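The next block holds one structure in the form of structure tokens; read it before the comments.
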Amino acid sequence: MTFSKVSVVVHGGAGMIPDSNVQAHKDGVKKACMESYQMLLDGANAADAAQKAMEIMELDPIFNCGIGSTINSDGYIELDAIIGDDKYNIGAVGGISNFVHPIRIARAIRDKTGHILLVGEGGNEFGKLIGEKQVLPEKMLAGKGLVLYQKLLNQKNQKSRAENWKELEVYDNVVIPGQELMNNKILDKGTSDTVGVVCKDKEGNTVVALSTGGSHMKMPGRVGDTPLWGSGAYAEDGCGAATTGYGEDLIKALITKSMVDRINVEKPTPQNTQMESHKQIEVLGSKINGRGGIICLDKEGNPGIAFNTQRMSFAFCVEGDERGLVVGVDHEDIPKF
């Protein structure tokens, strides 16, 4: 058996991370990365380590996933998640409601069904079938998402959806009917979204996992890139990638598939993998006018990190790397490989 060096790279979402939230973001990605990495050193498989990283972040209200998820325009929580490996074993959920750990449901779909993606009520029912409990929205919301939820809940006269749209403009990253598309894509004025991880275990298995509460104040039923293989996540032949950002753009770009294709043909060096990460984000911006970020691992476990938003929290740890654990949120925090 050939043993690989274990590697983990995590992101906590791309967008505007206020200075007041920077340390909490760093602490969150650091904890997820360290615990996942230690599991791998202890011999855990990449799927368990990736799931653990997501569970940690789903419990951290600083991130828009699990606890801390945002709400849609009707005041409800809709969650997406995915976990998949480089052998095409994939499970995902879209638009499920009020589960603290949607990543567990995605994992069970992967391991216990012949399906890949369950959405809406089907996903809810499957989640309950495997023992995951739905909780009250008040137990899952934090920050201004909770404030707005309570405001909508307490309105004596229910407004029409069209009337509700006007109240949602304070969230910036929302589609306002009648407004030009580009005015609806100001991700830097919104908070960060999807969280993700790529793990490589001692046997070289590579797993990608993501979890999200979706776009802030999205239309009900909207599903972004997160649960879509090739857009939000992709892995093949020892390489894996995960994204974050404006989901519709990431779907158009098939950015994780493109990323993995490129690093699979390039010599797996830290410099090449980082360079390809930047190229993918440059293409996202130049061809689609898209906003977002990407993390990846190549066949040798070298990480790549790039984003074209104001900030993206990230952390990585590679066995044998003298830098140890690396954590950052700003462009200048990305190491010069």
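Glycine is treated like the rest: Cβ placed from N, Cα and C.
Where the annotation comes from TrEMBL, it is an automatic prediction and has not been curated.
The active site, nucleophile feature in TrEMBL is assigned to Thr194. Counting Cβ atoms from all protein chains shown, Thr194 (active site, nucleophile) has 34 others lying within 10 Å of its own Cβ. Annotation note: Thr194 (active site, nucleophile) sits in a coil segment as assigned by DSSP.
Here TrEMBL flags Arg222, Val223, Gly224, Asp225, Thr244, Gly245, Tyr246, Gly247 as substrate binding site. For the recorded site, Gly247 (substrate binding site), the DSSP three-state label reads helix.
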Query raised in the report: Given the binding-site residues Val223, Thr244, Tyr246, Gly247, which one is most crowded in terms of C-beta atoms within 10 angstroms?
Result: Thr244
Report task. Would you mind reading off the Cα separation of Tyr246 (substrate binding site) from Thr194 (active site, nucleophile), to the nearest angstrom? Result -> 10
Query raised in the report: Should Asp225 (substrate binding site) be counted as helix, strand, or coil on the basis of DSSP?
Result: coil
Query raised in the report: How far is it from Gly224 (substrate binding site) to Thr194 (active site, nucleophile), counting Cα to Cα, in Å?
Result: 10
Query raised in the report: Would you say which of the binding-site residues Arg222, Gly224, Gly245 has the most Cβ atoms within 10 Å of its own Cβ?
Result: Gly245
Requested in this report: By CA-CA distance, flag whichever of Arg222, Asp225, Thr244 among the binding-site residues is nearest to Thr194 (active site, nucleophile).
Outcome: Thr244
Query raised in the report: Cβ distance under 8 Å to Asp225 (substrate binding site), same chain, sequence separation 6 or more: which residues?
Result: Thr194, Ser231, Gly232, Thr243, Gly247, Glu248, Leu250, Ile251
